[in-house]
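Feature annotations, reproduced from TrEMBL:
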- B:12-157: domain 'Orc1-like AAA ATPase' (DOMAIN)
- B:219-278: domain 'ORC5 lid' (DOMAIN)
- B:313-446: domain 'Origin recognition complex subunit 5 C-terminal' (DOMAIN)
Amino acid sequence: MEVDQTVSVSKGVFVFKNNFKPLTKLVKSKRKQKNVVNYQNTAFSSNAWYQSYSSLWQNIEEKIENLNNAMFSSVLSRLVNFVKSSHDFDVEEIPTAALLTGINMPDHAAQFKSLSNQIKESVTPHVACLHSQDCQNIKYLIENMIGQLVKEDESFSDEDSLSDSTRTHLKKSQLNLSVLQCWYENMYQEHSQTSPKKQKTKNKKILVIIISDFESFNAEVLQKFILIASCYIRVLPFVFIFGIATSISTLHTSLPYKVSSKICVKVFNSQRSTCYLNEILENVFFSTSCPFQMGGKVFNLFIDIFLFYDLSVNNFIQNIKYAMAEHFSYGNAMALCSFNKKETSAIIAEFSHEDLENVRHLLSFRKLVESETYENQIRLLTDDDYFANVLTEEIVKLQKYIRRLHIFLKCLLILVEDLPKAPLGQQLRDLYSVATAKNITNSPEYKECFKLLGFQSMEELSKKLSKILDYLEDKILFKHENKMKDFYEQLESFVDSMNNFNMAEMEEAVVEIENNEQVALKSLDRKQFKEKLFGMTKSQNQPLNRYEKLREKIITTLSQAFEEYLIEPKSFYFHEIFFFNNISIQSNIIGSHRSAIHNALNDPQYYLQCDCCTIPNSSVIKHTMPDICIAYKLHLECGKIINLYDWLQAFLSIVDPIEIDDETKRIVSPELQARFTQCVAELEYLGFIKSTKRKADHVARLTWGG
Amino acid sequence: MDQTLSLLHQTLPCRATQIDHLHNLFAYKDEPHPETVYIQGGPSTGKSIVVTTLLEKLELKHAILNLVECYTAKILFETILNKLSGHRMDPKNPVPYAKCENMMDFLQHLKNYSLEDDLTGSVIVLDKAEELRNMEFNLLPAFMRLKELSGIPISVILISELVFQKFLSKANIVDPMKIDFPQYNKDELLEILSMDIENARRIVENEYEHSIDFDLEFYKNYLNVFLSVFYRACRDLSELKYMSRINFVKYCQPIITGQNTVEDQMALWKNVAPTLKSSLAVLYLRIDTSNQTDQVVKHSVGSKETSAQSLELPFYAKYLLIAAYLASYNSAKDDKRLFMKFHGKKMKKLKDVKMKSKVSEQLNTQLGPKPFAFDRLLAIFYSILDEKVGFNNNLLVQVSSLVELRLLSSVSDNCFLDGQKYKCNVNFDFIQEISRTVRFNIRKYLSDFSHI
C-alpha cells in the first residue's frame, strides 16, 4: 500500500490491533503478532500523527486503568476482607456479599476480574466466576463451577511437578458436588496429616463463587444452586459474591424465604456512574496529560449519550477514542497536539513541505492570513521557515491557554458550584462544555452567577477563596508564570484582609448608618415622608461598609481574570489542532438503523460505491440498481395501498424498457416476474409492506412519506 | 437401648413422641423394620436432625441424601450406592461405585452389593422428598416398595414439608407409615433457643472483645422478651435463632458500657425494645447490618420509594419505563384520548358514566400488567416525551437492558422477531417515584385516575 493512499483515510474504516492480547498458545500469538506488526508497517504507523495518537492513547488508557483500580480499591479491600473472615467461625448460612454495581454490567467486568485476581492472590486459589449465559440450568451451572474450581487446582499444582500422565481430564458429566467434595477433602487431607489439628481448619481454603450478573440469572436455577450449596456448607466452605445491578430488593423478589434463609447477605455499595464519569473526566481528560480537547458540541453529544441513553462510562471512553482517531487522522498537522513544548518544536522542525501544507489547510489559518499585512500574507503562504516560526508561536500560545483554561475553570467551579439553582451547573463538565462552545464570560448564566456572588456573606466568600488558593498552590508555585503568581498573591491578600476584619468595626459602621437615618426620620408630613422614603430606597446601597467594598473589589478582580483566560478556543489560530469539534461523527457514534436502511435502498451507490448507480437526485431510478432498490423506490411513490399489478408494470418499465404502442398487455417473462415477487417478499420481510385483505391484489404500506 | 433413647431426648428436646415412635420402629434389630416411613412437618421442625441423629446413634447402615442436589436420577442412584458401600472416589478419576442409568440398574447393583455385604436393616433417607414429584414418574412408587422390588430388607424414610396426599398419582401407592412433626409452641421454642447459650456467649465476646458472665436464667429472660415481640410474626425456628443472636448483642450493650448490670432486667428490656421493633421490619430479609452502612441498607430494604430513588437509570430509560407502565395499565382503546391532543369529542354513554363509579377491583392498576406490543410502547414514549429524539439503536438497546434488569419482562417468544410483546414489572409506587424524578405527572395519563 502506498503511503499517499493512506493519508486521506478519514472516510475509511481501518482495524488496528494495537491492543492485541496474546492467545493462550504462545506460538500462535507470536505468529499473529508478527502479522500485526507487518500490517502496521505497511499502513501508516510511520506517520507522525499516528505515532502521537497511539502514544497518547496508551498513556490515557494506562491512566484510566490506574484510576479504576484506585477507585475500586476501597470496595475491593472491604470485599476481600469480608471473604477472608467469612469462615473464621462455623457458619450455618452461606456468607454472601451483595455488591450493588449500577446498571451497566459491561463497565464492571474489569472490576470483577480484578476482584477475582485479588482474592486468588491473597485469600484462596479457588475462585469460580459464573455468567448467566453459561448457566441455563442447574446442571450446566454446577458443571461449570466445578470445572473452574478443579481446573484452577490443576494449573495451580502444575508447579508441584505433577507429570501430565497422572492428571486425567475430568469429563463434564462426571462433575457433581460429591466429586467436588472428595476432591476438596483429598486436597486438604494431606495438610491435616502433617499439621496439628488446630491448623487444619486454617489451612482449608475458602471456595469463592462470583456471580456478576445476578439479574440475568434464571431465578429458579439460582434458588436450586443456593439450596444445594447450603447442604454442603459444613464440608465445603462456600462464599458467594453477587453483583446486583438494580437494588437489593431484587434479591428478595427472586429468592423465596426458604432460599434466602440459607444465605447471610452483606451489602457493599459501589460508586454511582455519574461520580465515576466525573472522576475520569477530571483526572484523565481534563488533566495536563491529555492535550486532546473536545469542542463544546462533541463534548455535549458524548455527555448526552451518557446521561440520556446508557450511563456507561466505558462507552463514553470508547466514544472519545473514536473522536481522537478521527481527529488525528486528519494528517500530520495533528502531531502537534501535545503539551510538550520541546516536542512540538522538534516536530515542526522535521515537518516537510507537505506537512506544512497540511497545516495551512486548517480553517483558522485563513483568519490568520487575513489579519496580517500583505507582505506577511505572502510570506505565510510561501515561506515555509517563516510559517514554521509563526506556527510554533501560536502553538505555544495555545498550550498555555489550554492549561490556564482548565485551572480557571476549576476556580470558577469552586465559586459557583453551590450558588442557589447553580446557573452554570454543578460539575466541571458543565462549565467545560459552555466554555469551549462560546465565550463563557459573556453568557447570561455567568453574569447571573456573579450577581449572586455579590450577595455572598464574608464567611462563604473567604472559604471559597481559600479553597481556590489551595487549589492554585500546587498548580503554579513551581512554574514561573508571573501573571498567575500575581493573581495568586492578590487573592491571598484579600483573604488576609478578610480574616483580619474586626467584627466590631463593621457593626459600628452599620450602626452609624442607622443613626443617620433616624435623625432624618423625625417629624415630617406625609408627602415629605414619602419622598424621603423613596429617596432612601434609592440611596440605600450607597453607603457600603468595609466588607462590601472589599467584596466588590474581589469580584471585579476575579471577573477580570476570568475574562482574560476563559476565552473561547475559536479565537485562537490553529485551534483545530487541539480542539476536535466535528459534529458529523454523530452519525457514526449513534447508529440509526432506519435511516441507514432507507439510505441503502434509496441510494445504493452510497454503500456499493459503484459508478453505474450515480444519481443526480434521490427521485431518479436507474435500471442498474439492485431489484429491491427499484421496487422500494417505486413503492415510495404510492399511497397507503399499492396495486400489485401497477407496481409490477412500473417495475418492468424500468428493468426492461420496451416501447409499447397500444394498450395490448405485454407478456411478462417468468424470470422478471420471479424477480419482482422476490423483491416484494423482501420488502415484506423488512417491514415496509404487508398483505391486506381489504382489497384483492393489493398490499398495504407500513411506512409514511416518500 | 434405653441409654440411647434418653440421650436422644436430651439432645433433641420437645420431640419426644416422634423420637419414641421412630425408636420403636428402628431400634430392635431382630424385628423387621417398616418398608417406608413418611415424615412430614413444616420448615425447621427438626425432621432431618431427628432422623439423622437417631440413625447414627442406633448405628444402622444408612444413606442420607437431599433430593435438591439430585437434579438427575443418575446422581440419585449413584450417591445412594456410594454412601451405602462406603465407596471413596479418587478425585483424579472420579468413578462411582457403579454406573446406574435407571431404576433397573440401581436394583441390580443393590442386589449385587447385598451379596458382598449384609444390607439387612439399612435405611435410605430421602430428604426434601417433594422433589420426587418433578423427577421420573417411577421413582416414587419404586422407593415406596423398595423392599419388595429388591428383595432386601431395606427401609426408606421420606422427609417432606408436604402432606402425603400431595403425592397421590395414578400409580397405585400403598399408604406409608406417617409421622407428623408439628410446629413448636412458645415454650418449646424458648427451651430450644435457650440451648443456644454457648453461641450467644461467644458472639458477645467477639463483638465487644470481652466476655460477660451470665447464667441461663439471664438468657431465658432475654428470650422471653425477644419472643414476646417475635412470636406473633414468625414461628420459624431457624429465623428466630438468627434474629435472637443479632439482637442479643444489642441487649447486652448497656452491660458492656457499664450503664446497667446483669440484674437490671427491666432497664435492659426498656433499652432493647425499640431495637427489637425495628428489627422486626427486616425479618426474613437476612441482610447483615453489622457495619457502618446499615442506615443506608435499612432504608433501601425498608421502603420501596427509596429503592426507586437509588436506582440509577438514564433519562430515556426512565421515560421508556414510564411508557411501558402506561401501556401495561391502560387499555389500548384509551390511548387516543390520553395521548392525542385533538382527539375529538367523545359521546357520553351510559357505560362511561358507570365507568366513573368503578370499584377498586376493576381498576386497571389493580388488575395487574397487561402485555403490550413494542410499537405501542414506542408510540407512547414519543408522545409523552416533550423533546424530539431520533429513533436510534441506543434507544432500542435501552429496552432490552430494561428487560435484563427485570423491570420489563418479555412475554412473547424470542424467536418471534416481529412485534415483541412486553409487560411492565414495577408497581405504582415505584413508577410514581421514577416519574417524580423526571417531573412527569403519571396520574394524568392513567385512565384509572383521569376518569375521576
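Any Cβ shown, glycine's included, is placed from N, Cα and C.
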**Request:** Please work out the helix, strand and coil residue numbers for the domain 'Origin recognition complex subunit 5 C-terminal' (B:313-446) from the DSSP assignment.
**Result:** 72 helix, 9 strand, 53 coil
**Confidence summary for the domain 'Orc1-like AAA ATPase' (B:12-157), mean pLDDT rounded** = 86
**Request:** Give the residue counts of the domain 'Orc1-like AAA ATPase' (B:12-157) per reduced DSSP state, in the order helix, strand, coil.
**Result:** 70 helix, 21 strand, 55 coil
**Request:** Run through the domain 'ORC5 lid' (B:219-278) and tell me, per DSSP, how many residues are helix, strand and coil.
**Result:** 47 helix, 0 strand, 13 coil
